[in-house]
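Student: Pulled the feature table from TrEMBL, pasting it below:
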type	residues	note
TRANSMEM	B:6-25	transmembrane segment
TRANSMEM	B:37-58	transmembrane segment
TRANSMEM	B:78-103	transmembrane segment
TRANSMEM	B:110-131	transmembrane segment
TRANSMEM	B:154-174	transmembrane segment
TRANSMEM	B:204-226	transmembrane segment
TRANSMEM	B:280-300	transmembrane segment
């Protein structure tokens, strides 16, 4: 690992996860510098999503330590991690399908601001303008009244991203943010993600299969294979790595 | 289910209709209306869990029964005045909802439902077996004059006041931030969790609100009859509440209300026509689930939409 200035915002040490006898993660070490954009790539079954789920608290680690801003957060519940500044999207975007796009975002704001249990409707009015502005920024303001179930897959990804931004996270985990999207949509969404991350000084860890997207966005790339970190480096380093080409880039190219 | 203001015209019209039914309904009118109102509150409390919180409870009558026993025990065993007893009922129901809820929200879906069933059956069994305290299967009787000794019509008016107040409070809850949070958890607890709120606590909050309101209904039901029986906490009442919500309409605030009116009417008038009235209810339930899964309220909405989008000359 390269030594860079500043303290890592996320440090994973020997993070392992087993499902019965199947080892999904066999001791992953990974550190993210504050503000960097890191792509997590690797063939299917490499353990990328499992790693994201362990860091996000959706899955418990079988072994290892995870530190957020230097604080040991291993074993914390997702809502505790979210309050510590971790935001995430899911591989299959999770939104409140029967609620309108606006309500989805308002719900996210309420939770983020600690008003989830409030009985005051004034809180809702106070958030309306903010929600509107954020919908505008992610480009779905025109869909505000529509149920989340009713909008396109890509727009739902944008909505989920906005919901995460509402929580003002410092670390953002995106699990295949562009899965199932067309080429153009995909680039537009990731440009938006990169822009918001840079503008807000967020640290980004994203799982991505589209190599063009990865090279376009990521400062650094971590390659996983079979539950291990296989290689790590800048885009150029990874592109030049023969072994990586063999196990990953060669496939399907 | 969009957040909306209370339409006071509808509230006033509904209250007037109920008052008219009480005044003009003759001998049987007032008790029937009272039963309808209490069932409406009971079903609406379950509807908070089902339509908003995404939780199906198979033990909701436990809290109805505990409301009834809270009153009956407070008056008969502890010598409290009836007015204090009426507060004890919902309190007992709410407390037990906190205890049972803490246990039940640990699991989801069918497992949650099975836990609520178990809690309901435990409550029923305790009420049924603890002769020294609860009177067992003979229940508790004679601790107060039925309907406070009021004329049945005046009692119905009192119940109307309480039920309307409770439903307005419930409306307030579902349209406040808390209501949005409860719906969020009903839709996707994982998203709520990843956003920074413990979904189990939200579910527990909804469970306690629902249990307390069911307790209010149960207390007043016991006050109406002047008795409390274990059946009030039994599976029969639980099924009644589930059927009312489904008949009235899932995903609608009015679901419990409509369902109670329809169900109580059917239960009272169908037996006059056919002996196997449960069969009729069964068939109706079948038709509703197949053709209008969102119940009476869903049917109304569909008709409303059709009228608006296809104006006939």
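Backbone N, Cα and C atoms are what each Cβ position is placed from, and that goes for glycine too.
Automatic, uncurated: that is what TrEMBL annotation is.
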Student: Would you say the transmembrane segment (B:280-300) and the transmembrane segment (B:6-25) are in contact under the rule of three or more C-beta pairs closer than 8 Å, pairs 6 or more apart in sequence?
Tutor: no
Student: Under 8 Å for C-beta pairs, could you tell me which stretch among B:37-58, B:110-131, B:204-226, B:280-300 has the largest tally with the transmembrane segment (B:154-174)?
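Tutor: So the stretch in question is B:37-58.
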Student: With pairs 6 or more apart in sequence, are the transmembrane segment (B:78-103) and the transmembrane segment (B:204-226) linked by at least 3 Cβ pairs under 8 Å?
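Tutor: Yes, these stretches are in contact.
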Student: Where, among B:110-131, B:204-226, B:280-300, do we find the most CB pairs under 8 A to the transmembrane segment (B:37-58)?
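Tutor: Stretch with maximum Cβ contacts: B:204-226.
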Student: Given a Cβ distance threshold of under 8 angstroms, which distant residues of the chain, six or more beyond its ends, lie next to the transmembrane segment (B:110-131)?
Tutor: 55-62, 65-66, 69, 96, 100, 103-104, 137, 230, 233-235, 238
